[in-house]
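These features come from TrEMBL:
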type: DOMAIN; residues: A:39-271; note: domain 'ABC transmembrane type-2'
type: TRANSMEM; residues: A:49-68; note: transmembrane segment
type: TRANSMEM; residues: A:74-92; note: transmembrane segment
type: TRANSMEM; residues: A:128-149; note: transmembrane segment
type: TRANSMEM; residues: A:155-180; note: transmembrane segment
type: TRANSMEM; residues: A:192-212; note: transmembrane segment
type: TRANSMEM; residues: A:247-268; note: transmembrane segment
Amino acid sequence: MSVQSAAPVEPRGFSLVQYAVCLKGIVWREALRFLHQRERFVSALVRPLVWLFIFAAGFRSVLGVSIIPPYDTYVLYDVYITPGLIAMIQLFNGMQSSLSMVYDREMGNMRTLLVSPLPRWFLLTSKLVAGASVSILQVYAFLLIAWFWEIEPPTLWGYLTILPALILSGLMFGALGMLLSSLIRQLENFAGVMNFVIFPMFFASSALYPLWRVREGSPWLAFVCEINPFTHAVELIRFAFWGQVNLTSLAVVGGCAALFLGAAIIAYDPSRGMLMRREG
Amino acid sequence: MIDSSKDHALEAALKIDRVSHFYGKRKALDDVSFEVRPASFTVLLGLNGAGKSTLFSLITRLFGVRSGAISIFGFDVARTPGEALRRLGVVFQARTLDLDLSIAQNLAYHAALHGIGDATAKARAADVLAKVDMLDRLNDKARALSGGQMRRVEIARALLHRPRMLLLDEPTVGLDIKARADILAHVRNLVATEGIGVLWATHLIDEILPGDNVVVLHRGKLLDAGKVEEVCARAGSPDMTAAFNRLTGEAATEAQ
């Protein structure tokens with residue numbers, strides 16, 4: 001082996017193709033893991049379907065929904081809560097990714113990702129994109145089943161116009177999960193996340209009831225709902241499914257996605273983040 | 001691909017320069033300095049809690065270096081992590097294969113994390129697996145492998161992106177005698193035939209051979225470093241076991 005050269009080693013950086021290869025690899029692995037975990041897919045679908053077929057069907061005649069944007073006519077209650085259930089699928093998927101990252105960190109798999117020479121922000125963003133992609137697959141499977149229940153957008157374009165909203169909300173919930181995964185020290189603590197993040201976010205939102213109705217009952221709760229990012233994800237999806245854009249929700253969901261991702265990147269930064277302070 | 005002829009030229013494969021690390025107020029590493037030369041086998045010897053895994057976490061940038069500096073072939077891990085990490089292969093103490101994926105899928109994922117395309121990755125996967133005698137298990141799930149086989153696959157995976165420096169953190173823990181011997185022989189062969197610099201962390205003194213470089217780490221402090229014979233001579237001991245006991249015994253006495 002030749003060892004005779006005095007030339008200094010020059011940094012070579014990474015090409016765009018190498019970044020693309022890395023992104024594809026991370027998304028591919030996430031998809032493979034998802035396919036191998038059939039229970040995860042089934043449970044991701046069963047949860048919103050139970051809400052749709054039992055809860056919404058039961059309350060259909062009790063809870064009428066007046067004409068509120070984006071709807072230009074009265075809609076059935078199960079049509080109203082569908083965007084909330086879609087957001088719930090994505091929220092649970094984000095938390096599932098968070099659980100998976102905590103598990104991977106405890107088991108050591110996370111190290112494989114973090115010792116990649118590509119920038120850490122890119123690795124985490126790729127992981128986020130991978131998680132959001134899986135959540136979108138789940139949402140379309142749910143929408144397919146809901147279609148048989150006669151829940152559908154006013155035109156078929158709704159299935160396309162909802163996609164950008166799903167991407168953005170999927171990224172926001174994924175980033176939230178990633179941030180939480182950096183803060184959760186042990187797998188056992190994850191149950192606390194269920195109690196203190198998922199359920200309050202879901203119930204204190206416009207997923208189940210229109211905000212004007214909440215305001216009638218409790219102005220304070222309506223305020224909580226209005227500042228809850230989950231509410232804005234629901235409204236972004238609701239408007240997009242009806243072929244419209246809710247600009248306020250777009251700004252809030254986009255801003256929160258950037259904020260949560262930025263915080264997660266800092267938390268996973270080896271020189272600044274929370275991992276630094278952990279022994280082991 | 002790394003140009004090994006350039007990498008070998010002037011720089012240490014791995015340079016640890018006055019590195020300290022704290023967990024809260026507890027000092028896990030205290031002003032540690034040593035080098036690993038290219039094409040050399042260096043044993044990082046220490047008991048549990050010596051600071052070996054902490055040092056590995058700093059080298060691989062899982063933790064940030066806050067005091068001192070670490071470089072790989074001249075590339076500072078903190079300032080140019082991409083260039084440093086692309087020259088580094090790592091086998092962690094904990095098993096890091098994805099058990100639900102096949103061996104081929106695990107290696108393809110690792111290749112993607114280094115920006116290596118599918119065709120190149122497949123060719124290299126076949127090459128590195130053949131070297132550890134695991135090519136026939138290419139499509140088996142990682143879950144189906146024994147502990148020794150997993151380790152061999154992890155070593156193959158660590159070599160997939162053709163690093164010039166290889167870190168192995170207690171790679172033989174939990175393996176039977178034959179698996180231990182096979183893995184040790186394979187890694188030593190890599191040093192001899194491919195010129196890779198190796199840092200092998202262990203608490204098992206019988207894994208050290210005459211002529212090896214050894215770094216003795218105890219409770220975060222570097223007690224001695226050099227050829228086995230030099231360390232033994234300085235400790236006034238006939239063999240490495242006696243030298244290690246003497247060094248750590250002295251360290252314990254000093255600490256009191």
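From the backbone N, Cα and C atoms, a Cβ is placed for every residue, glycine too.
Nobody curates TrEMBL annotations by hand; they come from automatic prediction.
Taking Cβ pairs closer than 8 Å, the transmembrane segment (A:155-180) reaches residues 86-87, 90-91, 93-98, 101, 124, 127-129, 131-133, 135-136, 139-140, 143, 193, 197, 229, 233, 236-237, 239-243, 250, 253-254, 256-257, 260-261, 263-264, 267-268 in its own chain, all 6 or more past its ends. Tertiary proximity for the transmembrane segment (A:192-212) is limited to same-chain residues at least six positions away from its ends with a CB under 8 Å from its CB atoms, namely 63, 65-66, 68, 80-81, 83-85, 87-88, 91-92, 95, 98, 176, 180, 184, 221-222, 224-226, 228-231, 234-235. Long-range contacts of the transmembrane segment (A:247-268) within the same chain: residues 114, 120-121, 124-125, 128, 165, 168-169, 171-172, 175-176, 178-179, 181-183, 229, 231-233, 235-236, 239, 274-275, each at least 6 residues beyond the stretch ends and with a Cβ under 8 Å from a Cβ of the stretch.
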